[in-house]
Structures are given as C-alpha cells and as structure tokens.
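Have a look at the structure below, then the notes.
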Amino acid sequence: MAIANKNIIFVAGLGGIGFDTSREIVKSGPKNLVILDRIENPAAIAELKALNPKVTVTFYPYDVTVPVAETTKLLKTIFDKLKTVDLLINGAGILDDYQIERTIAVNFTGTVNTTTAIMAFWDKRKGGPGGVIANICSVTGFNAIYQVPVYSASKAAALSFTNSLAKLAPITGVTAYSINPGITKTTLVHKFNSWLDVEPRVAELLLEHPTQTTLQCAQNFVKAIEANQNGAIWKLDLGRLEAIEWTKHWDSGI
C-alpha cells in the first residue's frame, strides 16, 4: 500500500514507537492522519503538521477500554468527515504485570473492540469497501518474556486475533497483518513491573542486550505498511524487518 494520499487512523500514535511511526507516515504523504490517543499532546500534533503541511493531521481523545458502542460513535464521526479510511493501526499497549486486568483490557480487548467497531464501516457483507488493519503486537507473542507472563500472553492473544482476521479477509474484505517489535528503547521498557515481583530487575536485564531505536522500528513499520501483505507476521527487531513463518501444529479442518 502506497501511503501517499491515503486516509489512516492510528490508535496510540503519540507513544514511543507510535510517535516516530507517525512522523515517518507523515513524511510519506498521506491525505489524512487521524490520531486517537488517551492523552492529548498539542506539541506533538503541531510537530506532525509542520513536518508535512500537505497532510491533514487531526487528533481525537480515545481510550481503547471504552465499550464498542462508544468506539463506533467516534469512528462514525471520523468516517462522516473523511468518507473513506484505508488503514487502521491498533497500537495501544502497556507493560506492567501488576495491572493484570488493565493489561488485558488495553493490549488485547482494546484491539478486538476497536477492530470490531470499524467492521461496521468496512465489512463487505454490509456493503463496505473493505480495509486494512495493522495490529502492533510483540515478539513476546512468539516466545514469552516469562517474567511478564500477563503482558506476553496479552500480546500472544493479539497476534492470534490478527492471524484470524487475515484468514477472514475473503468473507469481510478486511485484510490484516501484525507488527511485532523486539526490545526497543522506549519509556515502556526502561522500568516496568514483573508479575508478583518474580524479577525486580527485568527491565534492566533486558536492556543489557542489543536493542533498537524507535526510529529504526518506525522506518521498518512503514516498510511493512507499504508491503501490505495480508496475514504477514512481521518481526521488527535489531533494526531489521523480517517476515515470520508460523509453524502449524494443529488445524481445525474447517
């Protein structure tokens, strides 16, 4: 998918990886970039607007833990204004295994609910035009950081959901792929809580190993958007972009 002249909604587009990705997207010249985030950041929005004045950048406050009906109402406002949306990026995430319910609500349920809400506008069975979803998951969805099992499980769930969305594309007209960053230098990983304090130094230990910058991750994210491969499981690690081949151990047969 060429980003130029497209309409894009980016949930959590002002976070660490999110904001650098928003910058890279704006440089690529979409028609509209709509950022949905929990906390407004006027300076960040102003920076994005200045980066490419030809791109219309707008912001709406959004908490992914709200009911689907509220999300649908917000999306209707956006669709009424833009008429069409080409790409939805689901990027909300927290890393704090003290907050079990919230971790699941933000990292998994929020992705499911936002996706469910946009189907009302995209699903070809309802006369919709289809669309593309990019879900930010994590390499911990492949193999857990076992000291943060709640976070890792929430990302594995989001990855599984995304893989299913891709297989449903012939029915819905909506394609999907996952973006799975490795350890990236963001505020998310500088300090966080392990489950039941099983490893108080988990963040410190992770950062002793090679990482990548948010800019490296963002640049590869844009490459994945441009590749636009339904069902792709993209690993963005150590500054590299790699498509992962998922090993099938069981098949429902339906």
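Note that Cβ sites are derived from N, Cα and C of the backbone, with glycine treated the same way.
Swiss-Prot lists Y151 with the feature active site, proton acceptor, giving sequence analysis as the kind of evidence. According to Swiss-Prot, the NAD(+) binding site annotation covers 10-33, on the basis of similarity to another entry. The annotation substrate binding site is assigned in Swiss-Prot to S138.
Cα-Cα distance from G16 (NAD(+) binding site) to S138 (substrate binding site): 14 Å (rounded to the nearest whole number). Within 10 Å of the C-beta atom of S22 (NAD(+) binding site) sit 28 other C-beta atoms, taking all shown protein chains into account. Following the DSSP three-state reduction, the secondary structure of G13 (NAD(+) binding site) is coil. The recorded positions shown are F19, I25, S28, K31, Y151; of these, the one with its CA atom nearest the CA of the residue listed as 'substrate binding site' is Y151.
In this structure, the CA atom of F19 (NAD(+) binding site) is 21 Å away from the CA atom of Y151 (active site, proton acceptor). Residue with the densest Cβ environment among the binding-site residues G13, G16: G13, by other Cβ atoms within 10 Å.
A separation of roughly 32 Å, to the nearest angstrom, links the Cα atoms of S28 (NAD(+) binding site) and Y151 (active site, proton acceptor). The residue listed as 'substrate binding site' falls outside any helix or strand according to DSSP and counts as coil. In the three-state DSSP scheme, S22 (NAD(+) binding site) falls into the helix class.
In terms of C-alpha distance, the listed binding-site residues S22, I25, K31 place S22 closest to Y151 (active site, proton acceptor). In this structure, F19 is the one among the recorded positions F10, F19, Y151 with the smallest number of other Cβ atoms inside 10 Å of its Cβ. The least crowded of the binding-site residues S28, S138, judged by other CB atoms within 10 A of its own CB, is S28.
With a cut-off of 8 Å between CB atoms and residues at least 6 apart in sequence, the same chain places N5, K6, N7, V55, T56 near K31 (NAD(+) binding site), listed in sequence order. Listed in sequence order, I3, I8, F10, L33, V222, I225 are the same-chain residues six or more apart from I25 (NAD(+) binding site) with CB atoms under 8 A from its CB.
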